[in-house]
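Engineer: As listed in Swiss-Prot for this protein:
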DOMAIN    36-291  domain 'CoA carboxyltransferase N-terminal'
ZN_FING   40-62  zinc finger
BINDING   Cys40, Cys43, Cys59, Cys62  Zn(2+) binding site
Amino acid sequence: MLNKFFKKTKYITVSQRALGDIHDDFTKKPSIPNGMWVKCDGCGKVLYKNDMEKNNKVCYHCGYHFRMNALERLELILDKESFYEFDKDITAANPIEFKGYEDKIKNMQNKTNIKEAVITGKGTIGREEAVVCIMDSNFMMGSMGSVVGEKITRAVEKSIELKLPLIIFTTSGGARMQEGIFSLMQMAKVSGAISRLNEEGLLYLSVLTDPTTGGVTASFAMIGDIILAEPGALIGFAGKRVIEQTIKQKLPEGFQKAEFLLQHGFIDNIVSRENLKETLRKILVIHGRGN
């Protein structure tokens, strides 16, 4: 009789293995794919990479401009399907037989999906036609070798032939050491071609992007009729430490940044990436009316 009132309560039993699975669910780290997040060098905040790339590779917190490759910039600036590429199959030789140079070039071509550190061609920007050269710092730091110099020189000559304005987007670590003196020759060659462009009364727009240094700065980057720069771009010839060691003086903070150069009259304006295409279009329109 008493057993009816004092029945033993039955409980659900959980095996030790199941308990272990529950514990693992709470303690194991979440699986996040590599490359999904990037840290902004400007403000230090962590950004969702897809959102940053949709924002033209600009930080949506502080406006820091991440580096763009040549194909990305081509898509940003040129009208869709308007670009016709020049000399796309020219590749580097090894004029001083630098060990491993050919392999390095092949690796860079596979990695970047371009043949050299510059893309040249003609296209339209807001329906305004121009010859365009876009350098790429992902290809051997945008270093200027014989092919880069040759492609830009040919683009300048094509600009003269077609009577079109020239726009060069620069980004470079300077001369390409693997080509020795042949690399340094390109500074004079490109500058000479641009001098002929000036004699024809044609417009040359130089757009300095991060970083523009070395022989490129010392030659064609700084001789544009109009010189624009992206915000925060590093622009200079030698590095800060080299200069300080040479002149034995402490240099001002940020003296090689675009903002410092604008303040001291070395460039004409700083244009954010979102406004760059429209700014270039307006300049081309004004130039066209002037002619």
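For all residues, glycine too, the Cβ spot is worked out from N, Cα and C.
What's the neighbourhood like for these features in this structure?
Structural biologist: Nonlocal intrachain contacts for the zinc finger (40-62), taken as residues 6+ away from its ends with a CB within less than 8 angstroms of a stretch CB, comprise 68, 72, 76, 232, 272-274.
Look at Cys59 (Zn(2+) binding site): DSSP puts it in coil.
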Engineer: Which residue, out of the binding-site residues Cys40, Cys59, Cys62, shows the minimum number of other Cβ atoms inside 10 Å of its Cβ in this structure?
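Structural biologist: Counting other Cβ atoms within 10 Å of each of the binding-site residues Cys40, Cys59, Cys62 gives the minimum at Cys62.
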Engineer: Count the Cβ atoms, other than its own, that fall within 10 Å of the Cβ of Cys43 (Zn(2+) binding site), considering every protein chain shown.
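Structural biologist: Counting Cβ neighbours of Cys43 (Zn(2+) binding site) within 10 Å gives 12.
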